[in-house]
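Heads up: the structure comes next, in structure tokens.
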């Protein structure tokens, strides 16, 4: 065999395998028109090939996956608030709490607002010349037991005597002097005088007897002015309300 013939046989042996491989590769890229028409019975045949949507999707992913990702876009604006949702169903009521401690009982006293309560009794030219006894009285209605009474007597008082003497004008409430806290009184004392002066001088002066008395019960109260003697002194010639107006004023005051 000539050298040329040997070379041709060697090239033919190398080219045949390459031609077979290329033919197989081209056959894989060529679409079989009956490939998608495989029935359920032909699915087991070795020549039946299925090109489903999953295969094509994978092919496009491989092609598109190689593209470069662009820059991120500008963030969008916030959307409008959504509408309120439907209210939920009420929950299950809780258990009863522990019993509290027993409280203290407080009695509230609702009192009416204070109303003024006063009275005045007046006499024109009383001219009462007794030395011992009741001079004048005035009846008063006291509304509350926890209040106080303010009393005032205003009128002309006189005392005369040849020797030293003393007279006392005082208030009583239902016949008794005040004890809350002390009696309400006023006195006039007249000394013996000197031989050069007339000891029987007769002077009438407007004076007053005034004070507050507590502890008088509510109801009708007889308020009176009396004249009497001073302790350890003789009495003189007393006169009350001469030639002028005399008055008793009574007022109930809150404590």
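In case you wondered, yes, glycine gets a Cβ from its N, Cα and C as well.
From a predicted model like this one, the values you see are computed outputs, not experimental measurements.
Matching 30-55, 108-133 against TrEMBL, the residues noted as region 'Disordered' span 30-55. Here the domain 'CTHRC1 C-terminal' (113-250) returns a mean pLDDT of 92 for the predicted model.
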